[in-house]
Amino acid sequence: MFLLPLPAAARVAVRHLSVKRLWAPGPAAADMTKGLVLGIYSKEKEEDEPQFTSAGENFNKLVSGKLREILNISGPPLKAGKTRTFYGLHEDFPSVVVVGLGKKTAGIDEQENWHEGKENIRAAVAAGCRQIQDLEIPSVEVDPCGDAQAAAEGAVLGLYEYDDLKQKRKVVVSAKLHGSEDQEAWQRGVLFASGQNLARRLMETPANEMTPTKFAEIVEENLKSASIKTDVFIRPKSWIEEQEMGSFLSVAKGSEEPPVFLEIHYKGSPNASEPPLVFVGKGITFDSGGISIKAAANMDLMRADMGGAATICSAIVSAAKLDLPINIVGLAPLCENMPSGKANKPGDVVRARNGKTIQVDNTDAEGRLILADALCYAHTFNPKVIINAATLTGAMDIALGSGATGVFTNSSWLWNKLFEASIETGDRVWRMPLFEHYTRQVIDCQLADVNNIGKYRSAGACTAAAFLKEFVTHPKWAHLDIAGVMTNKDEVPYLRKGMAGRPTRTLIEFLFRFSQDSA
């Protein structure tokens with residue numbers, strides 16, 4: 001008999017089917033170490049029967065229609081993201097999870113600003129793979145569900161959980177494509193998702209483990225193993241001083257951990273002299289707030305205040321693995337923001353690399369201080385584009401929550417490229433204003449050229465972006481405030497609770513499309 005998760009009435013119905021085992025019993029009968037995830041679509045019309053995917057239909061034929069029979073009596077039709085698990089259907093796959101994919105016709109939703117079909121696949125496959133993981137089965141084959149890249153992303157993202165420091169860990173499940181078609185798209189999805197998982201790991205690791213130096217070493221290890229077309233420079237404090245990065249150093253001086261300026265190069269273009277794209281990421285490996293100290297509640301989350309550095313570095317590692325034919329430079333000023341006798345004090349004035357002076361009225365607005373020097377340095381590479389990412393402001397979380405990354409940019413062309421990439425990945429972005437209205441609030445300063453918090457509490461994300469703009473002269477620059485998407489509670493179904501690693505896949509997709517446009 002089949003072992004089904006059914007109510008009593010349905011179990012009676014199954015017995016009436018007189019279903020027999022499809023293979024001979026015995027020690028060699030079934031490989032209990034492999035599961036299968038198959039997709040089924042919702043009905044387009046009420047009178048229709050739900051359709052399996054191609055892979056689901058083929059498997060149903062392989063078991064003489066039994067999958068359809070038991071699915072029909074096991075409960076109502078599966079809604080998007082829901083699962084049902086069956087056992088004993090085929091000796092190659094003793095455990096089969098059927099997942100609901102929603103409507104087959106689902107496409108780009110202009111109201112939601114994403115591809116609904118791809119998001120449904122990611123969520124459904126993640127749910128199915130977790131069912132296999134809960135059964136402690138170490139291998140799963142996944143139906144491409146009509147989009148092998150989205151299926152791979154759902155599997156790899158959905159199975160990931162940070163448990164590096166625990167003695168008891170979840171079973172590691174290896175996911176691979178069911179069938180031989182679409183292998184290229186599947187592998188691309190694995191790379192995209194693995195990039196986001198790298199960012200999640202960097203962000204989740206406790207701050208005593210993930211120091212500025214350790215962060216740089218992990219990125220170096222991952223980048224060097226990704227491609228031989230790479231260079232990594234872990235710049236010490238003496239180099240930072242030589243570069244006259246006084247704004248960065250003012251934040252770092254409060255901690256016993258030495259600051260590091262991480263500079264990574266991926267040289268994928270056949271033309272070595274081709275100008276690069278430059279990514280800059282905020283790298284505060286722990287943010288106490290400094291002298292303007294934060295409240296104790298949830299301060300532990302500030303181990304992920306280097307999320308900007310984590311996402312941009314992970315995106316570049318992924319670009320290297322994809323062997324994209326472009327040049328990219330990644331810059332990450334790395335330090336802690338701690339209170340001490342050496343720390344910044346409210347009212348201090350510091351000097352940035354471009355000579356501008358900054359009045360530090362709040363030491364908890366430190367991310368913009370380290371980014372100011374990094375953005376100045378970014379211009380030395382004659383870049384095609386400058387994009388920075390930072391968990392910069394709580395105001396961004398209040399404005400957009402976890403729904404989208406806020407993007408402030410001086411280039412509509414760049415905005416459109418990021419927006420298009422985000423529709424594909426489902427990791428959305430939303431354009432925010434860079435009005436002169438906000439610039440006036442940060443340059444109206446009593447003691448220096450600019451103030452690090454501005455005149456008013458209102459529009460904190462906008463005034464922070466206006467502050468950064470004071471250190472940018474490039475006509476194609478975008479600032480991504482990722483504070484609202486730093487963590488995941490239950491908003492993204494294919495990510496477990498914890499640090500989200502967003503918007504890594506959107507940055508990878510942006511680079512992927514840019515490389516195709518440049519070819």
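Including glycine, each Cβ sits where the backbone N, Cα and C put it.
Keep in mind that this is a model prediction, so the values were computed, not measured.
Taking Cβ-Cβ distances under 8 Å and a sequence gap of 6 or more within the same chain, the neighbours of Ser42 (phosphoserine) are Pro50, Pro77, Leu78, Lys79, Ala80, Gly100, Leu101, Gly102, Lys103, Lys104. Among the features that Swiss-Prot reports, phosphoserine is placed at Ser42 (among others).
What Swiss-Prot records for Lys45 (among others) is N6-succinyllysine. In this structure, Lys45 (N6-succinyllysine) belongs to neither helix nor strand by DSSP; it is coil.
Remark: Ser54 (phosphoserine) has Gly146 as non-local neighbours, by Cβ distance under 8 Å and separation of at least 6 in sequence. Ser54 (phosphoserine) falls within a helical segment according to DSSP. Sequence annotations record features per position, and here Swiss-Prot assigns phosphoserine to Ser54 (among others).
Under the DSSP three-state reduction, Lys61 (N6-succinyllysine) is assigned to helix. As annotated by Swiss-Prot, N6-succinyllysine applies to Lys61 (among others).
The phosphoserine annotation in Swiss-Prot covers Ser180 (among others), and the record cites similarity to another entry as its basis. Remark: Ser180 (phosphoserine) has no non-local neighbours by Cβ distance under 8 Å and separation of at least 6 in sequence.
Look at Swiss-Prot and you will find Ser194 (among others) tagged as phosphoserine. Annotation note: Ser194 (phosphoserine) sits in a helical segment as assigned by DSSP. Neighbours of Ser194 (phosphoserine), defined as other CB atoms within 10 A of its CB across all chains, total 20.
If you look up Swiss-Prot, you'll see Leu202, Met203, Thr205, Arg303 marked as Zn(2+) 3 binding site, on the strength of a large-scale study or a structure entry. Under the three-state DSSP scheme, Arg303 (Zn(2+) 3 binding site) falls in the helix class. For Arg303 (Zn(2+) 3 binding site), applying a Cβ distance below 8 Å and a minimum sequence separation of six or more within one chain yields Met203, Glu204, Thr205, Pro206, Ala207, Met210, Thr285, Phe286.
Residue density at Ser238 (phosphoserine): 8 other Cβ atoms are found within 10 A of its Cβ, drawing on all protein chains shown. DSSP assigns Ser238 (phosphoserine) to a helix. Among the features that Swiss-Prot reports, phosphoserine is placed at Ser238 (among others).
DSSP classifies Asp364 (substrate binding site) as coil under the three-state reduction. What Swiss-Prot records for Lys282, Asp287, Ser292, Lys294, Asp305, Asp364 is substrate binding site, and it gives experimental evidence as the kind of evidence.
DSSP gives Lys282 (substrate binding site) a coil state; it is part of no helix or strand. The Zn(2+) 2 binding site annotation in Swiss-Prot covers Lys282, Asp287, Asp305, Glu366, and the record cites experimental evidence as its basis.
What Swiss-Prot lists as Mg(2+) binding site is Asp287, Asp364, Glu366, and the listing cites experimental evidence. Sequence-distant contacts of Asp364 (substrate binding site), defined by Cβ-Cβ distance under 8 angstroms and a gap of at least six in the same chain, are Asp287, Gly289, Gly290, Ser292, Ile293, Lys294, Asn337.
The Zn(2+) 1 binding site feature in Swiss-Prot is assigned to Asp287, Asp364, Glu366.
Its Cβ taken as reference, Lys294 (substrate binding site) is surrounded by 16 other Cβ atoms within 10 Å in the chains shown. The DSSP secondary structure for Lys294 (substrate binding site) is coil. Taken from Swiss-Prot, the feature active site applies to Lys294 (among others).
If you look up Swiss-Prot, you'll see Arg368 (among others) marked as active site, on the strength of experimental evidence. Other C-beta atoms found within 10 angstroms of the C-beta of Arg368 (active site) number 28, with every protein chain shown included.
Residues within less than 8 Å, Cβ to Cβ, of Lys455 (N6-acetyllysine) and separated from it by at least 6 positions along the same chain comprise Gln441, Val442, Asp444. The feature N6-acetyllysine is assigned by Swiss-Prot to Lys455 (among others), with similarity to another entry given as support.
Residues or ranges marked as N6-succinyllysine in Swiss-Prot (evidence: similarity to another entry): Lys455 (among others).
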Quiz question: given the modified residues Lys45, Lys61, Lys476, Lys489, which has the greatest number of C-beta atoms lying within 10 angstroms of its own C-beta?
Lys476
Candidates Lys45, Lys61, Arg368 (recorded positions) - the one closest to Asp305 (substrate binding site) by CA:
Arg368
Residues flanking the Mg(2+) site, with Cβ no more than 8 Å from the Cβ centroid of Asp287, Asp364, Glu366 and excluding those residues themselves:
Val251, Ile284, Ser288, Gly289, Gly290, Ser292, Lys294, Met302, Asp305, Asn337, Thr363, Ala365, Gly367
When you rank Arg368, Lys476, Lys489 by Cα distance to Lys282 (substrate binding site), which of the recorded positions ends up on top as the closest?
Arg368
May I ask which of the recorded positions Ser194, Leu202, Arg368, Lys476 is closest to Lys489 (N6-acetyllysine) if we compare their C-alpha atoms?
Leu202
Excluding Lys282, Asp287, Asp305, Glu366 themselves, which residues in that chain have a Cβ inside 8 Å of the centre of the Cβ atoms defining the Zn(2+) 2 site?
Gly283, Ile284, Met302, Met306, Asn337, Gly367, Ile370, Ala390, Thr391
